[in-house]
Structure formats: C-alpha cells, structure tokens
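Peer 1: What TrEMBL records for this protein is below:
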| type | residues | note |
| --- | --- | --- |
| TRANSMEM | 12-34 | transmembrane segment |
| TRANSMEM | 39-57 | transmembrane segment |
| TRANSMEM | 69-96 | transmembrane segment |
| TRANSMEM | 117-140 | transmembrane segment |
| TRANSMEM | 160-182 | transmembrane segment |
| TRANSMEM | 224-242 | transmembrane segment |
| TRANSMEM | 262-280 | transmembrane segment |
Amino acid sequence: MKVSFYDYDPSLAAAAIFAALYGVCFIWTTYLWLKHRAWVCLIMVVASAMESVGYIARCISTQNQQNQSIYVLQFSLTVLAPLLVAAFCYILFGRLTYLVIPRESRTWKVIWVPPRFVTPIFVFFDILALFLQLIGAVMLTSTDATDANAQDKINRGKDIALIGTIVQLAAFGLFTFVAVRFNFTSKRFEKSVYQEYNNDSRYNTADEHTLQMERETGDTNWRALLRVVNIATILVLVRTIYRLVEFTEGNKGYVNEHEWCIYIFDALVILPCFALFVLFHPAKYLPYLGFRLPKHAR
C-alpha cells in the first residue's frame, strides 16, 4: 500500500487560494506583456504560469496524496519558479545601470560589476542553481520508498538540491548587496536620463516610446523601478534561505513536517514580487523592452 508523499495533511483550501492568486498574477502579467510588447518580461509570464500551475497541481495532489507524478509536478514548479523571478531582477538591474550610468562613469566605485557582465554572470549562476535544484527535486520526489537504495537516492537528491540552493544564495546574496548599494552610488546621476535620451540623436528610436510613457503615466522616476528590484531581491533572498533550511533539515525536519512554512516563507513571499512588477511595470521606466538592448543603448 502506497503512503502519502506528505508528512502532514495538506490543505486544499490554502492551495486553492494561492492557485487563484497566482492565476490572477499570470493573467495580469500576460496582459501587460502583450499590451506594452515588453518581450523581456516573458520571464515573469513563464514564472507566474509555473506558480499558478504548481498550486493547481498541489490542489489535485492534496486529494491524491499517493500520486507521485502530481506531487513531483507541484513540487518542481514551485521550487523552480522563483529562480526565474531572480533572473528577471538581474536583467532589470542591468538595464537600469545602462540607462542611468554614462559610459565614462561605469567604474568600480559606482558599480562593482560592469553593466555588460551583470546579466550574464548572475543569470549563469541562476541557471546552474536551477538545474541542480531540478535534479535534486526530481530525485527527492520520485524515489520509491520501497526501493532498497531509497535512502541513498533521497540523500543524494537532497545534497544536489542543497548545493543548488547554496549556489543561488551566494550569487543572489552578492547581487542583493550590489543592487542595494547602487541606490547610494547612483545619486550623482539624479538628472533626467529620459531627457538625455530624447536630446541625443543616437536614441531617436526610443523617442516615441519615451514620450508616450511621459504622456500616459507622467512617471519617469527610474528610482521607483530600482526600489522595486531591491524589494524583490530581498523577498527572493528570504525564500532562498527558507529552501536552504528545508533541504538541510531533510524529510523529517520541522519545515518539511509543517505545511504553514511553505505558504508563509515561499508562496506568500514570492507573490508580492509579481504584484510589484505589475504595479510598477518596467514599461513605465525603460525605453527599451526587447530581449536585447540596441547596441547604441549599451
């Protein structure tokens, strides 16, 4: 007889609430993505879809606690989705540094990581962490407890997931410090960067979008977007620490035996990230929203 994959009685109501909330985030994020043709925001569309499907799968899993496939699906999606949120923060921060800092001022004192390396370096570690956590999560959740080597497989999966979480925590911890520090080092660039874009013939392709932003929103305060990135990074960092504790404790740890932890330290922590990027959408602050920045904007 198969046993439940949970060490507690999972709540259908809690899973349904977060499935609905993340579903709203997905719809809203997708709408703004298409409305503004903000192709770079595709990452958040995918992340919100993963969270939504993950909690829908958790709803099903609460009523089918012996179904391994559904359990693996909900666990993997909710573990991996925040890594895409982290990647989005990396990309936005890189775009902001290009927007704000003149070429001649992109020095070590202003920003420890050159703008052209911000996204590639941190996204590389994010992808590495994603694959390690994916492998570990699959090993943890797909191991049959009746196998002779079940405990060895579980321990190996836990170790791999733990390494992935440590990689993510180290990279994201450094990024959080760099991003928060930039709030202070960027004060010398208080002038309107949008005016500079409008007055420079090299940026003519951005004029129409920039002027439209100013007409429709009256909001050209790039610092608002920077603050949102800062808040989102701190929230993802909190969630990463939670997952680190979870993988460190193992299956019989306090975190794994109490369902409230996943909702307080994961679901409820990541949800505001989507809400913030909807309310303070990058289209209000960035003149270029494609997958790649034009050469003259770098």
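From the backbone N, Cα and C atoms, a Cβ is placed for every residue, glycine too.
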Peer 1: Which of 69-96, 117-140, 224-242, 262-280 shares the most C-beta pairs under 8 angstroms with the transmembrane segment (39-57)?
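Peer 2: Answer is 69-96, with the largest number of Cβ pairs below 8 Å.
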Peer 1: Does the transmembrane segment (12-34) reach the transmembrane segment (262-280), going by 3 or more CB pairs under 8 Å (6 or more apart in sequence)?
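Peer 2: Counting Cβ pairs under 8 Å (6 or more apart in sequence), the transmembrane segment (12-34) reaches the transmembrane segment (262-280), since there are 3 or more.
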Peer 1: Six or more residues out from either end of the transmembrane segment (117-140), which same-chain residues have a Cβ under 8 Å from its Cβ atoms?
Peer 2: 72, 75-76, 79-80, 83, 86-87, 90-91, 93-94, 97, 111, 153-154, 156-165, 167-168, 170-172, 175, 247
